[in-house]
Amino acid sequence: MAERMIVQLGDPILRERSRPVSPITQNVCNILDDMADTIYATEGRAGLSAIQIGIPKQLVVMDCGTGLIELINPVIVDSRGEQKGTEACLSIPGVVGIVTRAQYVKVKTLTRAGEEVVLEAEGFLARCVQHEIDHLHGILYIDYVNELYDDRKGKKLKPADANPILAHRRRLPR
């Protein structure tokens, strides 16, 4: 298949809501293949949503260290616990933020064959799942943070460097 260009912060498509996929066609499978090629060719990646390659469909691919996971029309049906951790995003390179997420999530999703399956995730995988599903709803991790850190040095960014990025935040309902 092929690598795709990753949409960067500032492109309005990142704030769009992705549409459910129906039916799951060969074209959808090709998009998933391209997404997998893209994350494996990209340094520092864990996951990618279709919106990040300019396609507003509810598709996610991830490899959080245990092999490729594909999510089609994913819905979080249960969550519990809490974890704080560092997050980054291929659409916002060079910076990270500390985000509070659920420690555990249960997700209903579809396979390429259209079968409904349940994914249960904890820890880092749960963080990745939540981050990517947020993308499907136009939510970015920067919407949860007040500070950003340099990805390489780990140092807090000065306001002059952080503010242009944080200006793209959206207020989330509590």
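Just so you know, glycine gets a Cβ as well, placed from its N, Cα and C.
According to TrEMBL, the residue from Cys29, Cys89 that belongs to the Fe cation site alongside His131, His135 is Cys89. In sequence order, Leu14, Ser18, Ser49, Ile51, Gln52, Val60 make up the list of same-chain residues 6 or more apart from His135 (Fe cation binding site) whose Cβ falls under 8 Å from its Cβ.
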